[in-house]
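Notes for the one structure printed next.
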Amino acid sequence: MLDIDVLRQQGALRLSIAFRAGKGVTALFGRSGAGKTSVISMVAGLSRPDGGRIVVDDRVLFDGAKGIDLAPEKRRVGYVFQEGRLFPHLTVRQNLAFGMNRVPAAERYVGEDDVVDLLGISALLDRRPAKLSGGEKQRVAIGRALLASPRILLMDEPLASLDAQRKDEVLPFIARLPRRFSIPILYVSHAMDEVLRLADTLVLIAEGQVAASGPLEEVLARPDIPDFAAQRDAGAVVAAKVAGRDIPFGATLLDTPAGLLRTRPIDLPLGTKVRVRIAAADISLALERPRMVSVQNILAATILAIGEPEDGRLSVDLDAGPPGGPPCRLWASITARARHDLGLVPGLRVHALIKAMSLLRDELVEHSPH
């Protein structure tokens, strides 16, 4: 558990940051220059707050009022930078050992074999960094940080220097870390795709302040955060459980707050919790439920709000939850002409036709033998 409440004047930017981060991945998201990296730098002890308090697992790392400011090497945090920062003269095996040797043997709870297996780097152990791809370097850097048996793992845009292919290579490994090692992760990014793939908790930072924080699905559903509005086209995220299988038609049934959804076959046990991403561009709206249509997932919904047109398109904020039940927020991106022709207004009941969706973080699950 990370509990942080700090102040820092950084040039013209006044940082006032307070939030709690529990198990799993907590993503710090915001525009460049918002103060995200400054936050993890203060947690690591690389920069000093002007005041406040930082606590990790009940261990006080900084307390301005009590004069506590532990040196970085005494904080037991792992840090993964944008670039791997591996020692070029050492092999991968020796780089990993550097992280492990910083911790007394009695305090180590992460084993080298486990890290090598999880990150898929057994074939790289005798290579030097110059012989590694960008994605391989980042996996080794993650392994070195893990082998320091940290209380928390700090990741400062670790995929920013990688192309899309290398990002896709590394993301599944990061996604598995919290469950495999029970290490909380503080993850800095301004890439929404990464946040949707990894985060359990989202902390939105704007101009040095926490604009919102909480479970990812709840923060994504908030309509009152202007700095976040442009990100909604990335899609809504809906919590779901594997509820059944339609074997003859090759589909898996997912139970969501909005009802059952059909998706591709997935090899996960019944009851497994997953999350579904539904892009705004993949939702069409109808006033009546279509009878003969190829779209398999159709949800009744209420229009909560309609955005202003931009380049001929606008965003429609929907609640697909049951009447009187928990909300299930979705966004649809439609043309201004469609709004006019359908007479769409807030409060109107419509049907949301979901043309596509993607499963998030299914690779997190430890698969049971079948």
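A Cβ is built for glycine as well, from the same backbone N, Cα and C atoms used for every other residue.
According to Swiss-Prot, the feature domain 'ABC transporter' maps to 1-232. Mean model confidence of the domain 'ABC transporter' (1-232) amounts to 88 (pLDDT, 0 to 100 scale).
The annotation ATP binding site is assigned in Swiss-Prot to GLY30, ARG31, SER32, GLY33, ALA34, GLY35, LYS36, THR37 on the grounds of sequence analysis. Same-chain residues at least 6 positions away in sequence with a Cβ under 8 Å from that of SER32 (ATP binding site) are, in sequence order, HIS190.
Per Swiss-Prot, domain 'Mop' is recorded for 292-363.
Per-site Cβ counts within 10 Å over the binding-site residues ARG31, LYS36 peak at LYS36.
Counting residues per DSSP class in helix, strand and coil order gives 9 helix, 34 strand, 29 coil for the domain 'Mop' (292-363). Long-range Cβ proximity for ALA34 (ATP binding site), meaning a same-chain Cβ under 8 A and a gap of 6 or more residues, is found for ILE205, ALA206, GLU207, GLY208. If you draw a 10 Å sphere around the CB of THR37 (ATP binding site), it holds 19 other CB atoms from the protein chains shown. Cβ neighbour count for GLY33 (ATP binding site): 12 (other Cβ atoms within 10 Å of its Cβ, all protein chains included).
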